[in-house]
Amino acid sequence: MDELPNGNGAAPLKRGRGRRRRQPQPRGASVLALPLRPRKVRRHRKSAASRVAALRARALLSEDSDSNVESVRGKRERPAELPEASRSAEPRPVPVRPRPASATLPRRVEGRAALSRNLGKPAPLPGSHVDDPERPWDSPLQQVLAELNGIPSSRRRAARLFEWLLAPLPPDHFYRRLWEREAVLVRRQDHSYYEGLFSTSDLDWMLRYEDVHFGQHLDAARYIDGRRETLNPPGRALPAAAWSLYQAGCSLRLLCPQAFSPTVWQFLAVLQEQFGSMAGSNVYLTPPNSQGFAPHYDDIEAFVLQLEGRKLWRVYRPRDPSEELALTSSPNFSQEDLGEPVLQTVLEPGDLLYFPRGFIHQAECQDGVHSLHLTLSTYQRNTWGDFLEAVLPLAMQAAIEENVEFRRGLPRDFMDYMGAQHSDSKDPRRTAFMEKVRVLVARLGHFAPVDAVADQRAKDFIHDSLPPVLTDRERALSVHGLPIRWEAGEPVNVGAQLTTETQVHMLQDGIARLVGEGGRLFLYYTVENSRVYHLEEPKCLEIYPQQADAMELLLRSYPEFVRVGDLPCDSVEDQLSLATMLYDKGLLLTKTPLVLS
């Protein structure tokens, strides 16, 4: 069985661990400390809102198609039978694509080492001119990534990649009928569908040339006679140790593959904008005729992408309502704890399996064939309950401070008719007490800092996010593409400047969030994040009150361009100061390349 992120003994939905580099943070941070703006700034509110309305982006077009898709809706009584062809048929061979003669090992080592040194830097999308020459360019994955490189809006790129991930299942149908409700199986009959995303040769390369450690980056586990064993030796996961454990029947689970694999990073960085929630992943390599993990359920929405080999999966519905859409992962279950599976199937390369939080699952390799799959995970602790858990204490605090009814004393004799021992009492005083509680609870909604808590959750998402992946266009039109360099003993091509005539928009849609803290405004952003989870402290810029409406206009008008001279500021100096600061940080792009002065 393969354990998804944050299962029992598994890593939580994080991209990895590392020592943090601290950055000075704004003081007085509080979700109740909303920004204070001078009256002179508020006169721009109406004009800013009208500009946003005029610049509103067109809605995305959705496509419909026939699909070879199975869900478990309506299959509660008996498990889906394992197809006869899946029991006996040998896997169809995946065509081997010859490597270019130029793709020698030293070049590959040099390229990946350079990527490792720049984990937090934006990178171009696959399909651009700097992509790995060893990747199979004609695979469906590489074709869609090349297509994304030509889509100007990051929103549309995220929607397109998710559409490709589910294809031929329409995303709108998936969200309306299946998301958080049913397990879904998509069969594609195309072993090359995910080719270029991740492979066993990629894992072998990482063991040889990257600093991979047992327990931190790689787990070795097996499930024998109803017991799971984790067999992580201390220290670095060198090939000799890792492959010896694999030969001994251990599954290898690579945590945070996006920290090592540029393609996995790029895949997740695009999809995180679709979910509005952190997207993580693990990779699982299981030897033939073995099972790595015990049956369990997880606290994330799981998308299983079968990359190599074959694997038998059994998926079970939550056993009772308390396990439905679980907020925490389960302990390991025994086979006696399980009922009949609602879905039993063999995944082959190119297939996709989705199941919600709380669905128990286990998987094993059979027929002498290994299995490699990637689990994409999202929506960990991203529920209404989690949101209200943050809102209600703050609402209570505000209500006590602002409404005298919450400060009035309890009845002197309330213990005579309240409490468990009086729960069956018909005392009218008890009825009046309960009514008073209901009235006060209903009033709490007036004090709920909903927007402030939403901003704090958005700030957390910005910190959780992977750094953005840039298209060729985004790189060429932003500071990342300026031709400034050192040449002949001095820097050259220095001097490009924004003017009031320059047209700009944000680099991407989900890369920044404006948050009020301690009476000040801060713009939190992702472009300097690491591919390793929280390796860096949150990054932010202070936005002055006279620039607040202009900043909001830039955030809300994406992907439409705004002329710098039209930003709602009090002066040209404020307009240019804000635009230049954002451009220099890599947060803005221009409609045309800047002209060197």
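Just so you know, glycine gets a Cβ as well, placed from its N, Cα and C.
According to Swiss-Prot, the N-acetylmethionine annotation covers M1.
Among the features that Swiss-Prot reports, compositional bias 'Basic residues' is placed at 14-24 (among others).
Swiss-Prot lists 37-48 (among others) with the feature compositional bias 'Basic residues'.
Residues annotated as compositional bias 'Low complexity' in Swiss-Prot: 49-62.
The compositional bias 'Basic and acidic residues' feature in Swiss-Prot is assigned to 72-81.
As annotated by Swiss-Prot, domain 'JmjC' applies to 250-395.
H296 (Fe cation binding site) falls within a strand segment according to DSSP. Here Swiss-Prot flags H296, D298, H361 as Fe cation binding site.
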Checking the binding-site residues H296, H361 for other Cβ atoms within 10 Å of each Cβ, the smallest tally belongs to H296
Model confidence for the domain 'JmjC' (250-395), as mean pLDDT, reads 97
